[in-house]
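Please read the structure below before turning to the comments.
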């Protein structure tokens, strides 16, 4: 979908549809006189008792005297409640449910009754762009399509901030591309996206000047990454460690920020096999890696002025005569030994070695890891927040604020010695599962043993927000693409060169 910005409407635009935005109970609507010279819409307001509450909509076809065949008015809600998230959702709402009508849509964006900023307009555009994505490539019957806005080819935004918005457009498009790439990776079935196929997807980033390094099984053995390898040994699919480098800083030698992703392309649970109910969702157990790849795409596309390294560990966790067993003890890359209590607590085994590699080989300024790590995080926080754990309060606060700014919210949970002792083992340095309460916390506590206090580190458990959520105002997809927008905001607003 093409997007453009203008300061005022002219008949030469020749659009099929118009969208107006209404602040709740405010008397006037920007663009109403032009769109509806015969004042029919106002009568519709009265008949339908339309007042502009958030998400409310009223639609009109072929209004007499109107230059548009289709007109929709969307409510923004009460003035004091309108924020950046409102505009993100409004963008998705505005392009929804208008199939069969427009090819070109004009949006009168400067809603009367409030001061509309460039940031809010760009959130609106992002919401509209994100809403366009759907994963329907495996339908042979195209009538099953749930996408209701495929016909929109061009979105024309009318705003006094047109010039500034045009300057920001490429940034927003880059974010959308990264989110959609993450969604695509998470949505793909595991028979299509195995470890080797995932590597090939990542290599496409090289076209954007991202340096990609792939370490295979033999190299992982040389490095002593036995925790990661132990997870992979039950599958015929080979394990990989993939390092992605974007050097956008003026100082190419500057310490990078590092983002680590869990990439279990399918998680059966291994010998500690999962229940069959819902196991199909475990194709998304590579969601953390998917987010890191999407983030790297966004940073490279918008040419971020910073050095960033993404590292993902790719494995498949399957039961077989070669699979690891409960009771096995493995020596991680760090030299610390791990007793395997539960083969379904595999993500932390992968991350243990990846985090240690990141800390010792890359030596970054900070590390943020993302993983669909625990089912317990859904019990603790539901689907509204990801879980956040950190050894650095300044970094944690930055991530929390970034989540609030992008509507990808996180909630910080505690770490401490009381939890750490729960993963002590009778036979090794630690065990991979405490087997009791505080499952998300003890999993994070396990990861903490593979980073040090000198390096700011944060772990984001995205198991409840990565996939399977209810569709919302700006997402049509089973996969949410969670994390790309949050981390891009974190980088741009707290670390990137201005």
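Positions of Cβ are set from backbone N, Cα and C atoms, glycine also.
Positions annotated as active site by Swiss-Prot: 274 (among others). DSSP assigns residue 274 (active site) to coil, not to a helix or a strand.
As annotated by Swiss-Prot, active site applies to 348 (among others), with the evidence given as sequence analysis. Counting only residues at least six positions away in the same chain, the Cβ atoms of 373, 432, 443, 446, 447 sit under 8 Å from the Cβ of residue 348 (active site).
What Swiss-Prot lists as Mn(2+) 2 binding site is 262, 267, 285, 346, and the listing cites sequence analysis. All chains included, 32 other C-beta atoms sit within 10 angstroms of the C-beta of residue 262 (Mn(2+) 2 binding site).
Annotation comment: Swiss-Prot describes 267, 344, 346 as Mn(2+) 1 binding site. Taking a C-beta cut-off of under 8 Å and a sequence gap of six or more, residue 267 (Mn(2+) 2 binding site) has these contacts in its own chain: 274, 282, 285, 316, 317, 344, 346, 347. In the three-state DSSP scheme, residue 267 (Mn(2+) 2 binding site) is classed as strand.
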